[in-house]
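What follows is a set of notes on a single structure, which appears directly below.
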């Protein structure tokens, strides 16, 4: 469970288990477009209306800023790992190299759950917006209601299933062609965003930002809890990191593509959220297809239909990217033999993980057929935040212990004390212990980090063999740890219960299957290497005999 791999093993020995290599055909603008496409369609059209109406009010744009800052810090951690270990495994590979096989598997399983569930949720939102694009006022008009099934599971969504299966076939064909399709859709999508922003600012009213109950009607806590929910909007950027195995010149192109896409997305999200709240007061914003209904309520019917069509296009782009990423995660987990090895196979002619793409496409379509958006969105967020928390911890440990060769005790002690302090600060905020809890735990976090920075040395970037490192260590990943812990504590109890059930299931699967399968795979490889070594020695001896 605690066995770690080296970057060289991950890049060579483990990658060879897929048979053919993935094709390096992408450049920085492909990666940036993949990041933008993955994030833009998901968040602003799916979560903005609900969060503005129930949690943040007109200050939903501040929720996006908080979530964006957390995503930016996490993206810095992802980027350094992706540059050093340019493989398709994302958080799974990074954590397996640092904390061992089980932690990597735990993160990979949560990321896969997040991908499958979020793709299912987003595809159902596609049906809502597409129906509005065709002039329908009922978001469920294209769904089939089945009596006898439980509530929130009884509206069958066949358009969503058809979309997922179509994109699955597209992704099986080629990564480069899929990337070009995404690039074209993303360009149109950004232009469409500009149309909504300009229309909102020109025809909306600033009065709607402060009426009927001010800019933050639910208080600061509402803004922060809204940030935890809109974090769902930023999960697309880690899809870009999974493309590291297919990008040219990773050390140069990965930082530009990943960090640039998060910055651009944050700006667009804030402008879109402001535009929505200027068009209509927050208490009249619809939970479903909020942008289209906002235009319809003020009498702009053709704009409403246009927004429905544009949002549908954006959702298709985000689904394409997310499904691209989820297959690569499962492929690399299959290489490690933590799931059946046939999921790791790369098709020799297309250079894509065909089996993983088809398997996850069927799983996503099955969930999209039945499940409502509200059921799964908070479960997605808690799993994502936990994985990003682990990656930030892993970056500090890798930089100070594995690369700089300092004793692990000091770094582990710092990570435990800092995480406990962040938890104390977050719970003080949650239970209104503001007078003593926030200064105590906030000061403790700053003091611990400053002391660790001063006392524990690290190898400087110029002595390393990589071109890009996170600056000002350990402050950025430490701030990322704090923000992830803080946002996790704002989620509802039901999220923690569902997360605990999933964690128990994947741990049981690992103990019953994964750990035995990986051990057996290593024994087979060791045996094969010994056979190859023996045959090589035998051939050498034959040559020597012939010479004599």
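Backbone N, Cα and C define each Cβ position, glycine as well.
Not measured: the values here are computed from a predicted model.
Looking up the ranges 3-25, 95-117 in TrEMBL, the one annotated as transmembrane segment turns out to be 95-117.
The range from 306-331, 332-357 that TrEMBL describes as transmembrane segment is residues 306-331.
Annotated by TrEMBL as transmembrane segment, the relevant range among 409-428, 529-548 is 409-428.
For the transmembrane segment (472-493), the residues of the chain that approach it from at least six positions outside its boundaries are 66-67, 69-70, 73-74, 76-77, 221, 224-225, 227-228, 231, 378, 381-382, 385-386, 388-389, 392-393, 395-396, 399-400, 414-415, 418-419, 422-423, 425-427, 429-430, 445, 449, 452-453, 458, judged by C-beta separation under 8 angstroms. If you count C-beta pairs under 8 angstroms between the transmembrane segment (95-117) and each of 61-83, 180-198, 409-428, 499-515, the highest count goes to 499-515. Taking residue pairs at least 6 apart in sequence, the transmembrane segment (409-428) and the transmembrane segment (258-282) share fewer than three C-beta contacts under 8 angstroms. Mean model confidence of the domain 'Cationic amino acid transporter C-terminal' (468-517) amounts to 88 (pLDDT, 0 to 100 scale).
Here the transmembrane segment (218-237) sits apart from the transmembrane segment (409-428); fewer than 3 CB pairs are under 8 Å, leaving out pairs fewer than 6 apart in sequence. Comparing 180-198, 376-397, 409-428 for CB pairs under 8 angstroms to the transmembrane segment (306-331), the maximum falls on 180-198.
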